[in-house]
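J.: Residues annotated as signal peptide in TrEMBL: 1-22. Annotation source TrEMBL lists domain 'DOMON' at 48-163. Marked as domain 'Cytochrome b561' by TrEMBL: 170-368. According to TrEMBL, the feature transmembrane segment maps to 208-227, 239-260, 280-297, 309-329, 344-368.
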Amino acid sequence: MAARAALLILLAVLLFSGVVRGNAAGSCSSMSFPSNRVYAACSDLPRLSSSLHWTYEGGKGFGSLSFAFVAPPPSQSGWVSWAINPSGGGMIGCQALIAFRQPDGAMGVKTYNVTGYGPVSEGPIAYETSDLAAEFTGGAMRMFGKMKLPEGTTVVKQVWQVGAEVVDGVPQKHDFKPENLESMGTVDLLSGGISGAGSSASRSKNTHGILCVVSWGVLLPLGQIFARYLKTFKSADPAWFYLHISCQMLGYVIGVAGWATGLVLGNKSKGIVHTNHRNIGITLFTFCTLQVFALFLRPNKDHKYRLYWNIYHHSIGYSVIILSIVNIFKGMDILAVEQKWRTGYIVAICILGGVALILEIITWTIVLKRKSGKPKERPTFHV
């Protein structure tokens, strides 16, 4: 009964283990701009409901790029940014233009050479700029300008971003939601082709989440259910042991794959550290590895140290289950998944808990019946 219920739970969790993906909204071709600003090409960017409009003209020694970047900031006092990164595809090295409301209340655009993950400082960038301007209309900020690019430039690596706050004229850090972390890619200034770097990152995050939910969140609890309850039935011996070992080993292998995927994601996300999620993940990996080695050191049933081994084995096992559930919810917070996926996992955990509770009652009923059914020894009287 426990195995059948757990298999149904596994299928349910697999169905509920998706994450939300951001989609671009609106059509850039329907936008019009003031001051007779007209652009030859435009593209709806895949993140942050933003769009890029541009006209590119090649010349001797340099290329001239006229552009408009449109995005809704998280708040009216926020900021929007568009940048070209000549050295890579991330934040470091960005030659950024940031539009926000200036201290006098007017919209303006400033230039920033981003050299680190701390607060940005206004300064010159690698490209000559002119005609920088910005406006705030219809809930979106529009940033305009011209930029001189090196001769022969046809494809550039772009990074765009939005933030909620500006303090004393300094844009503050943006959110770390998937949309914010994946707002980068390339743009072909001649053909108009746009590619996003977020698709592979999203797949990696989804893979990491699914592997961890299936392993730590389903297979390991299922293996404990087999060990805790099936061994009560004499007919299930030694089948319960092999089911327990199979679930635990399969969960460990899949969990290690998910853990390794998380390490790769961490190395790629420089400057972004989810300390609690990372530390719990390392602890889970350590505990599960200890459980695997403990299997080879298991004393015989009648050995004097078997009691202590059982205490250790059970304590680590239940600790893994609790930490797994906590860390899965922390991972959902990091991925900012929709509520329906969170609800789905809660339902799966409740079903597992309900199955365990029912089997706990059945187990104690059987144990008590066996104790009451044992023949009592009659006292012997000697004369």
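For all residues, glycine too, the Cβ spot is worked out from N, Cα and C.
What TrEMBL says about a protein is an automatic prediction, not a curated fact.
Help me see these features in their spatial surroundings.
T.: Predicted-model confidence for the domain 'Cytochrome b561' (170-368) is 82, expressed as mean pLDDT.
Within the chain, the transmembrane segment (239-260) has long-range Cβ neighbours (under 8 A, six or more residues past its boundaries) at 3, 207-212, 214-216, 218-220, 222-224, 226-227, 230-231, 233, 281, 284-285, 288-289, 291-292, 295.
If one looks beyond the transmembrane segment (280-297) by at least 6 residues along the same chain, the residues whose Cβ comes under 8 Å of a Cβ in the stretch are 212, 216, 220, 245, 248-249, 251-252, 255-256, 259, 262, 309, 312-313, 316-317, 319-320, 323-324, 326-327, 330.
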